[in-house]
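Asks: Below are the features listed in Swiss-Prot for this protein:
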- His54, His56, His113, Asp137: Zn(2+) 1 binding site (BINDING)
- Asp58, His59, Asp137, His175: Zn(2+) 2 binding site (BINDING)
Amino acid sequence: MDIYRLPALSDNYIFLLHDPNQNIGAVVDPAEVRPVIDKLESLGAELVTIFNTHHHFDHVGANKQLIQKFPQLKVYGGVEDRGRIPGQQVFLQEGDRVHFADRVGEVLFVPGHTIGHIAYYFPSVAFGETGELFCGDTLFAGGCGRLFEGTPAQMVDSLNKLRNLPDNTRIWCAHEYTLKNLQFAITVDKDNTDLQSRWAEVKTARGRNEATVPSMIGVEKRTNPFLRWEQPALQLAVQSQDPVQTFARLRGRKDRF
């Protein structure tokens, strides 16, 4: 399974999964139609699947146009998003399986950003290979999504679920937010040397207009404050030892940053 990162809108990423053996594609969170069509045409591939993580327009905006062009498309989304994802036919819950190419993905229910948010996790199939996580707006490189519909407790549970995936899991998050996320992270975890190194690397990469997605679970566990709510430095920064309250105060600071 090949994965292509397609920039869209101002800072979105669409992900096109390609099965070179059957020359078919699946798209994750198509915000715009043109980048998807252009990549499919360059591959000569047929689109067969849409995997949506949640209902926000910058993740489902191209659903209708893609269905018009590929009438046999199957559209997947979370069961809690029934009626909110255009063209949705398959309603997924925690633990359901999805199939593409030679990979079997697991559905993870990760409410917080929205109440119906799901993620798609494709475990590695061979020693030394990476797992692949398509997590929408739940976990970002260096950050996490705003809480538009869910609660801090829900988001902590969701992020903990993602944090427990293998360290060599690649994180295909849906926005290029890393620079600003790490700019905030430094303010609450300034003595973290791993974070300092990553901040320098990301500044250089973005200065060259290079993408910082995908990230890795192992990297996020060392540098992302929203996966480090038990760390004394972060608890001290927000004056709380309670995990949910620590997260909520960090998220509140980030919202105002």
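From the backbone N, Cα and C atoms, a Cβ is placed for every residue, glycine too.
Remember, it's a predicted structure, so these values are computed and weren't measured experimentally.
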Asks: On a simple 10 Å Cβ count over all chains shown, which one of the binding-site residues His54, His113 is most densely packed?
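Replies: When each Cβ's neighbours within 10 Å are tallied, His54 tops the list.
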Asks: About how far apart, in whole Å, are the alpha carbons (Cα) of His113 (Zn(2+) 1 binding site) and His175 (Zn(2+) 2 binding site)?
Replies: 14
Asks: Does DSSP put Asp137 (Zn(2+) 1 binding site) in a helix, in a strand, or in coil?
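Replies: Once the DSSP labels are grouped into three classes, Asp137 (Zn(2+) 1 binding site) ends up as coil.
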Asks: Name them in sequence order: residues not among His54, His56, His113, Asp137 whose Cβ is within 8 Å of the mean position of the Cβ atoms defining the Zn(2+) 1 site.
Replies: Thr53, His55, His59, Thr114, His117, Gly136, Thr138, Gly145, Phe148, Ala174
Asks: If you draw a 10 Å sphere on the Cβ of His175 (Zn(2+) 2 binding site), how many other Cβ atoms land inside?
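Replies: So the number of other Cβ atoms within 10 Å of His175 (Zn(2+) 2 binding site) is 19.
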Asks: Determine, to the nearest whole angstrom, how far the Cα atom of Asp58 (Zn(2+) 2 binding site) is from the Cα atom of Asp137 (Zn(2+) 1 binding site).
Replies: 11
Asks: Taking the Cβ of His56 (Zn(2+) 1 binding site) as the centre, how many other Cβ atoms fall within a 10 Å radius?
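Replies: There are 22 such Cβ atoms around His56 (Zn(2+) 1 binding site).
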